[in-house]
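The structure under discussion appears below in the form of structure tokens.
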Amino acid sequence: MSQVSIKQFAETLKLSVDKLLSQLEEAGVSGKKEADFLSDDEKMTLLNYLKGLHGEKVDAPNKVTLKRKQVQKLNLSSGAGKRTVNVEVRKKRTYVKKPETVEEPVVEEPIVEEAVVDVPEMDTAAETKATKEAEAPKEKAAEAPVSPETILDVVPEPVPVETDKKHKHDKKKQNKAPVKEEPKHKGKPKPKEKQSKKTLAMSGDQSFGRRRHKGHKKSHNADNEHGFQKPVEKQVRDVPLGETIKVSELADKMAVKATEVIKTMMGFGSMVTINQVLDQETAQLVVEEMGHKPVLVNENQIEDDVVNQDYNGETVQRSPVVTIMGHVDHGKTSLLDYIRKAKVAHGESGGITQHIGAYHVETGHGGVTFIDTPGHEAFTAMRARGAKVTDVVVIVVAADDGVMPQTKEAIQHAKAAKLGMVIAINKMDKEGANPDRVMQELVSEEVVPEEWGGDTQFVRVSAKSGEGVDDLLDAILLQSEILELEAPLEGPAKGVVVESRLDKGRGPVATVLVQAGTLRKGDIALCGMEYGRVRALVNETGEQVESAGPSIPVEVLGMSGVPVAGDDMITVESERKAREVAMFRQSKHKEKKIARQQKSKLDNMFNKMEEGEIQNVNIILKADVQGSIEAIVDALVKLSNDEVKVSVVSSGVGGITETDANLALASDALIFGFNVRADAKAKRLIDSEGIFLKYYSVIYEIIDEVKRAIEGKLAPDFKEEIIGVADVRDVFKAPKIGLIAGCMVTEGMVKRNNPIRVLRDNIVIYQGALESLRRFKDDVPEVRQGMECGIGVKDYNDVKVGDQIEVYERVEVKRTLD
């Protein structure tokens, strides 16, 4: 303790300086002034003096006697019966403090609190230690150094002597700080109680692991403690973070328990579970909050190495890729038929295109690749995909129909993709053709023809007679020459999956439009999450080919699964690399799907809490091609409203299986088959369980069916219809009934038990029910126009002359989506 002045010490004790000086003089510390300093010895002298004034002994007692009395009861049986005898055992033990001898221990600077000495108590450990030493031979006790304390037992037993074992390890103890004397508790020693053994040894401790034999009394009581030091400073770790990471994985990387991460997320206001997937930004915030350093990792490196391939070969001129777009039934496929000299439209259900068709045509003007897209509004995604891979867009507009919604949408797709545009005004052979009106409507969509000073070519054609088709091809080739279309011929093939389907005999089939390089039979192809060796290449006429260059569409067989339409296709060197990338994409897709599901669960929970239960129409959809599924799902989901939600539980390419039927049974779903059929097992289950199943070949019919299902679940509307009006002519009281209004029915009829309104000056003053209806003292069910009657209004007695009573009924009106 550092020296302090008398003034500071008085302030600390909250005494006046004069009083402190007088107490110091009484304690024997004289000659001090206010500015003088007090040493620790002087403070101890003052403390001992003050304790003496209060009757406390400063020094600890040299001798302490402990008395103990124990009473027990013994049950004795004799001839007279059982007797209870009280047995009292008295014990007396004296503790004598002997003067310290041998060496002086290294003592630190004493502090005031150490001067306060209470009566020594003996704890359990000390008792056990003393008992063990008492059992030792007297020769050993004589050799050991004498302890400051010796226990003397008044009971006729040998006096136990506590040996100081610490002196046997003086060399180890000299450099250590002095250990505080352990407090001792009162009580009887337990000689048979064993001390708990420590299992970890300090590094360098030679006594660890030795067996203590009964015959040897050599002490091995070195503290067997662990040798490693607990880290004091918090470790800051570099935590690598990918696009997504589970909570448990994040906790492992930070070397903390998952509960700590969950607590941190709760602090952010987000409830998560140990298996929940976090996005990169959220994980970064958590890592920074917990004091570690986030390291953002590009997990797509393996994917980038495969996808980003350079082409060093020469580029060659390639055929233009032309997408034909327009409104439904405007003659897109018929125009392509005339060019191809084939009848594609007749093969489509309903005469409308429901798949993307890719065809390469060699004309007298050169090769052109055509992509025919559906015109129906449900196929927006298909049209957008067609615009993505094309060079020139031909927008077909019927001369007798004009610009329609899908025509406008096609124009928007072409403008968004910044593609060259050619307008084909079709059906010029029809009587009602009006090309000038079509041109005027297109100008309002900012598509101005060249003859009117714009930059868009307009060609008048007829798919039926062939009028203007050559002019259209010339316009397409002119547009492609302006674009200077080139692509490398050698190197790995790159392309886009235009359409995909599951063929019963050939397996997964992907229609691929090659954009660069050459795709050959036997190449390892990677399409999105699917891969495989190309077993066969089939062109648009059904013939097998050995290779396909840029701008050539082919059907690829041999994929591991049905790729998603719109995925990029690329050939890689080895199947191992393709498998690695495909598996990586699948795992990433699965993680994102789980994250979306978790989010949608929370969203649904909050929506249900806010809006109440929403009716659901669950649907299982199976189709022949991937593009049709995409279009139908998009169209069906758009039918959802605030009251009824359309959920596509499952969708896929291929026939309807028993698994689909079981899923429909579990989720109470409707099964729709689009150009596919159910197998025998599925049919048996569907028939036995009464599951809804319908087959369709035209998309309109599916949409209409789902509309009917939604309308059946909509809550009906109720419409109020006024069926009669009566004027109050007189008011009188009737016994047991109350106030009766004498009325004349002026309109319609008045029916008993119908709801009514009471109007005064054309303002509704009461709304209730008609309780009684009488005519000439007789109860009647109804009274028609022009007749008098008495009306009793339920729970209302304020009817006056001149009021009107309006009788109405609620009519249920079935709601529709239109």
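All positions are counted from 1 along the displayed chain.
Every residue, even glycine, has its Cβ placed from backbone N, Cα and C.
The range from 372-375, 504-507, 520-523, 596-599 that Swiss-Prot describes as region 'G3' is residues 372-375. Residues near M428 (GTP binding site) in space but far in sequence (CB under 8 A, at least 6 apart, same chain), listed by position: A399, P435, R460, V461, S462, E467, G468.
Among the binding-site residues G326, D329, the residue whose Cβ has the fewest other Cβ atoms within 10 Å is D329.
Within 10 Å of the Cβ of K332 (GTP binding site) there are 29 other Cβ atoms, across all protein chains. Per-class residue totals from DSSP over the region 'G4' (426-429), listed helix then strand then coil: 0 helix, 1 strand, 3 coil. Secondary structure from DSSP puts D329 (GTP binding site) in coil.
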